[in-house]
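Below is one structure, written out as structure tokens; the observations come after it.
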Amino acid sequence: MSDNCRLPIFFYKSHLSSSSPQLHIFFFPSNQTDTLFRFLSTKKMRHHFVFFTLIIVLFSLSQTSPSSAHIFPNVSSIPPWIQKNINQTAGAWDAFSKYAGCRAGDKVDGLARVKKYFQNFGYITESPLNFTDDFDNMLESAIKTYQKNFNLEPTGQLDDKTIQQILRPRCGNPDIVNGTTTMNSGHPPESHNTSLVHSVAHYSFFPGRPRWPSNKRTLSYAFAPENQLTDNVKAVFGRAFSRWSMVTQLNFTQSEFYRTADIRIAFASGEHGDGEPFDGRLGTLAHAFSPPSGLFHLDNDENWVVEGSSSLLTSMSAVDLESVAVHEIGHLLGLGHSSVEESIMFPTISSGTRKVELANDDIEGIQILYGTNPNFNGTSSPSVQQKDTSGAYSLGSMWGFSLSLAVEFVHIILF
């Protein structure tokens, strides 16, 4: 071994304060390589060292935060092993189906979880610590309000239609904020004489009607570096932003500086630091905060699909990325949820569904906040549609690079 030979040693380290896991490479000092090779002079010791090295590499990778979301170009590109795992794993709220038919006076094991669901979305204000498995007046009242908001008969019971609505994936933002809602339950009963009424607006705003300042009509947005999104995935968000800029006087521009951007977009799993943890597959899909927070988070555990098309309907596990992005941008701009099922701001969207066109309800609401784009021609569809034709599992490339380094290191040791 040459005197100036230096062995590369490498490892991954994830910093909580850093935007992404970092690859650290250093070289074993040349004046100590002889000591190392004497230690590895026997075949048995070399094999032990190689095994130990690979374990360290794999362990360091397992400790890094997920750097890439589950984003696929289209439904057919979702790997079979993921599809199989999906079929064997229940969605976040699938267990609620067993409560179908429950009504006031019943006591059913686990009913407290249903109360927690309604508490998460603003229908119950009591602390979860006080929840029991009794179908009490509090739960009945919450269900009636929920049924009104989602255009269901307000029976106060967990009937089949109500359960089916509850099981749908949805936005994590509450329907009722501080006891206030402008969805159906917040409106007085409509008059039976509707012959002169063409439509009823149900768009809503956050309490206090927050909006971006009038002197700030160009908003920047950026992506969390650790997600390592491809340009084609970022283009999906660009199209989603353009749907709102086409009907208002707002403009959006992508920035490379995440920490200073007006709007910060990130994929995350479980508890991720904002007090609103995600709950796994097909539960809460995403959430965004009112102006001027600019925080926009998507659940890393979903199977996001870039290329929305009719094929999306063939997979009940896939979630159309642009559909969710358009909805959450509405929140970032100040819109709350709407009871109009055709609107973008309706709280739920079934998996396998694509909905990206702003409805009149969405357009009327956002134009109240930001005015009308003088060039608006009555449609919110971007003029250019781009499709992703490449994979977005960039975490795999990190593994591949690391393992290739490991193989090279093993080659140096053994040969």
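Placed from the backbone N, Cα and C atoms, the Cβ positions cover glycine too.
Under the heading motif 'Cysteine switch', TrEMBL lists 169-200.
Annotated Zn(2+) 2 binding site per TrEMBL: Cys171, His327, His331, His337, Met345, in sequence order. Look at His337 (Zn(2+) 2 binding site): DSSP puts it in coil.
What TrEMBL lists as domain 'Peptidase metallopeptidase' is 208-372.
Look at TrEMBL and you will find Asp262 tagged as Ca(2+) 2 binding site. Of all the Cβ atoms in the protein chains shown, 19 others lie within 10 Å of the Cβ of Asp262 (Ca(2+) 2 binding site).
The Zn(2+) 1 binding site feature in TrEMBL is assigned to His272, Asp274, His287, His297. Under a cutoff of 8 A between CB atoms, and with a sequence separation of 6+ in the same chain, the neighbours of Asp274 (Zn(2+) 1 binding site) are Phe289, Leu295, His297.
According to DSSP, Asp299 (Ca(2+) 3 binding site) sits within a strand segment. Sequence-distant neighbours of Asp299 (Ca(2+) 3 binding site) (same chain, 6+ residues apart, CB-CB distance under 8 A): Phe267, Ala268, Ser269, Phe278, Asp279, Gly280, Gly283, Thr284, Leu285, Ala286. The Ca(2+) 3 binding site annotation in TrEMBL covers Asp279, Gly280, Asp299, Glu302.
All chains included, 27 other C-beta atoms sit within 10 angstroms of the C-beta of Glu302 (Ca(2+) 3 binding site). According to TrEMBL, the Ca(2+) 1 binding site annotation covers Glu302.
Under the heading active site, TrEMBL lists Glu328. Residues near Glu328 (active site) in space but far in sequence (CB under 8 A, at least 6 apart, same chain), listed by position: Cys171, Ala286, His287, Ala288, Phe296, Leu298.
Around Gly280 (Ca(2+) 3 binding site), taking its Cβ as the centre, 18 other Cβ atoms fall within 10 Å, counting all chains.
Taking CA atoms as the reference points, His272 (Zn(2+) 1 binding site) and His337 (Zn(2+) 2 binding site) are 23 Å apart. Same-chain neighbours of the Zn(2+) 2 site beyond Cys171, His327, His331, His337, Met345, judged by a C-beta within 8 angstroms of the site's C-beta center, are, in sequence order, Asn173, Ala288, Glu328, Gly330, Leu335, Gly336, Ser338, Ile344, Phe346, Pro347. Here the domain 'Peptidase metallopeptidase' (208-372) returns a mean pLDDT of 93 for the predicted model. Within 8 A of the CB centroid of the Zn(2+) 1 site residues His272, Asp274, His287, His297, the other residues of that chain are Gly172, Ala266, Ala268, Gly273, Glu276, Pro277, Phe278, Leu295.
The distance from the Cα of Asp262 (Ca(2+) 2 binding site) to the Cα of Met345 (Zn(2+) 2 binding site) comes to 21 Å.
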